[in-house]
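These features come from TrEMBL:
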type: BINDING; residues: E117, D157, L159, D160, D283; note: Mg(2+) binding site
type: COMPBIAS; residues: 69-87; note: compositional bias 'Basic and acidic residues'
type: REGION; residues: 69-91; note: region 'Disordered'
Amino acid sequence: MAPMGIRLSPLGVAVFCLLGLGVIYHLYAGVISSRIAAFTSKRTVNLRDLLALSVEAAVQGGREVKRVREEDKLEEKTKGKTKEGASEKLTQGDLNSHRKMYYLIKNTYPYVQVNSEEHDETNNELGVWNRDIPADILKSVEVGRDVPADSITIWIDPLDATQEYTENLLKYVTTMVCVAVDGKPVIGVIHKPFTGYTAWALVGHGSNMKPRTTYNMNPPKVIVSRSHAGKVKGFIEEAFGNTTVILPAGGAGYKVLALLDPLDEDIEKADVYIHVTFIKKWDICAGNALLAALGGHMTTLKGEEIDYSGAAGNREGLLASVKVDHQDLVAKLPAWDSSDKH
């Protein structure tokens, strides 16, 4: 019907009706889109479920890592250079593990952000989590906390210590999953494929790990990356003295386990973990969560907390400890300028 007092031709009537329908459509679409947005924002994920899923993902990825190594089908490539100029290796073990881990999580929680060290979107695995929760998790975490899905960032490392993997130094190799909520690490899983051991923690609820009973700080034994042990030597000796024992090792996951109660005979003991160059968050997030659950700390070399949302890189170095005065360690470190350290 035309507005009162106005006569329209048949064509005008048609145009008027179409305009009216357009207004109705846009109003309706706006209501629907706002409801969809509200529904999405109200999605929650239970952290106990996510812990169990993270363990399963790390274990499934680890099976692929182990199988490829044992079958000697690494198909080794170089995907680039590290910030220190070393070759960055990529193997079939990395890719197969990525597919298992990434798609198991994404197929279960498609609306949760998952960041992986590797990228291969062409081979979607069909696996979905069976929702089994291991008995040790049920015992430690009676009821999991629900958190908004849009507050979660998951970091997965399908094969930590790829260089050592290609050299058959398998004690350093791990697969890792970390869950951060609002940028803070709350779930950490570090799995050792060649021994079958899985370390896990949910901050505020429990862990199957524990710290050692004693740590030596006079001076500490410091674990560092094999790839730049020489570069960090002067930094550490300036902090703790030239009698400090420096322990080169592969894999950030292994280095965190070295701070805790021994899992395997092949894990060496260290008192402090220091890294002085660029490192990715999928390398360190799971270890950060494990330490946080046990009262420990992982910070930048300036003692600042690491934000596990946003960009993948951490340029501010790394200091990790447990059961010691972490801020006292920070105070002993030499002045640090990340702009000079890649």
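Using the three backbone atoms N, Cα and C, a Cβ is placed for every residue, glycine included.
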Next on the checklist: Taking 8 Å from the centroid of the Cβ atoms of E117, D157, L159, D160, D283 as the cut-off, which other residues in that chain fall inside it around the Mg(2+) site?
Outcome noted: I156, P158, A161, T162, T174, T175, M176, G251, A252, G253, K280, W282
Checklist entry - Between the binding-site residues D157, D283, whose Cβ has more other Cβ atoms within 10 Å than any of the rest? => result D157
Next on the checklist: Around the C-beta of L159 (Mg(2+) binding site), how many further C-beta atoms are within 10 angstroms, looking at every protein chain?
Outcome noted: 31
